[in-house]
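Feature annotations, courtesy of TrEMBL:
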BINDING   D52, W53, E55, N57, E66  Ca(2+) binding site
BINDING   H114, H254, H259  Zn(2+) binding site
TRANSMEM  6-23  transmembrane segment
TRANSMEM  150-168  transmembrane segment
TRANSMEM  180-204  transmembrane segment
TRANSMEM  216-236  transmembrane segment
TRANSMEM  256-275  transmembrane segment
Amino acid sequence: MHPAWPLLVFSFLLSFTTIFYAFRTPSTIAVNATTPSPAFPSSWGDVDSDFDWCELNNRVSPHVSEPFNTITSAAYPITALFAWRAHAPLALSPWHRLNLCATIAMGAGSMIFHGTLRYWAQLLDELPLYSMALLAAASLRQRHTRAAGVQPFVAGWVLLLTAVLLFSERSSPLHVAFRVIMACSFSVAFVFIFTVGASIGNEIDMMRPGSDGASLFRGTFVSFVVAIASWIADIVFCHELQALPSGLPYPQLHAFGWHLGTCYGLLQLFCLMLLHQHVVRDQGQAILQWVAGGLVPRVRPVGLVHASNSFKSEHKKNI
């Protein structure tokens, strides 16, 4: 895929998310918007987050505001732990481990946020997500060298922004300004990741026969386009989705489209970065495997694959 495609597509999609997030929150997800009364009063108090998503609040429990959004948020730490364990033979760099830790923290924060709809919990979701995006962009910036390069500076900036948002008054000009900076720089990092991602997919395929790099990037691209489109549609068409004809249920686009779509995309993106590191940067040999019925990707060193196949052959002979 030519890098111009992700540049154009994600610039277009992220313009909506940035406006919704930092400049003009749509009335459909504004706090105190007119919605059906919850079945239970929230044990966490009145909603004070910036956003109250389209899923109806406290329909099954006073302790969980948005059950579907809360449950599907658990997919992030599960995905990160799988990626960590599945790719341990590749000797993950400290920056890869840091990004996986941020993914785990983001998933936990997302569960707390959707479970409570409190602003302090919203930050537990947003700040690790921001860290993930900027650290991934920095890793891609340094993809051709083992040197840390810009990565420590990016990590330092993330720590500074985190400290400002956690310890400043929510209504202060400093806090508001840093939230706008966070939203805008997140979108820039996101577009950078996918523009460079198209290039690294092509770089992988130039180093060896096959099209693993291009196909893995296409899967990542489609997953995130579907996820972001679901995020936007859930906001823009909230009222319509809550009143579908023929008694059809609300489709939970934020839970299943955004959360699960981004999880699948993140796993593919992580595999793409590892495959590039092993094949292009380190001039090694690795293969892309699809497990779980061809749905889940993982990267394996060729030597490890050969050893595993030899062991299986010997085991069959002994049987």
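Yeah, the Cβs are placed from backbone N, Cα and C, and that goes for glycine too.
Simply put, out of 6-23, 150-168, 180-204, 256-275, 256-275 has the most Cβ pairs sitting under 8 Å from the transmembrane segment (216-236). Taking Cα separation as the measure, N57 (Ca(2+) binding site) is nearest to H114 of the binding-site residues H114, H254, H259. Most Cβ pairs under 8 A with the transmembrane segment (150-168) among the ranges 6-23, 180-204, 256-275 are made by 180-204.
Looking only at other Cβ atoms within 10 Å, the busiest spot among the binding-site residues H254, H259 turns out to be H259. For the binding-site residues E55, E66, the greatest number of Cβ atoms within 10 Å around a candidate Cβ is found at E66. Taking CA atoms as the reference points, H254 (Zn(2+) binding site) and E55 (Ca(2+) binding site) are 8 Å apart. Around H114 (Zn(2+) binding site), the same-chain residues six or more apart in sequence whose CB sits under 8 Å from its CB are W53, S65, E66, N69, T70, S73, D125, listed in sequence order.
Residues 68-69, 72-73, 75-76, 79, 82-83, 87, 90, 92, 96, 99-100, 103, 110, 136, 139-140, 143, 193, 197, 200-201, 204, 212-213, 216-217, 219-220, 223-224, 226-231, 233-234, 286, 288, 296-299 of the same chain lie 6 or more positions beyond the ends of the transmembrane segment (256-275) yet place their CB under 8 Å from a CB of it. A distance of 16 Å separates the Cα atom of D52 (Ca(2+) binding site) from that of H259 (Zn(2+) binding site). Excluding H114, H254, H259 themselves, the residues of that chain whose CB lies within 8 A of the CB mean position for the Zn(2+) site are, in sequence, W53, E55, E66, F68, N69, T70, T72, S73, S110, A255, W258.
The distance from the Cα of E55 (Ca(2+) binding site) to the Cα of H259 (Zn(2+) binding site) comes to 13 Å. The 10 Å shell around the Cβ of W53 (Ca(2+) binding site) contains 24 further Cβ atoms across the protein chains shown. H254 (Zn(2+) binding site) carries a helical DSSP state (H, G or I).
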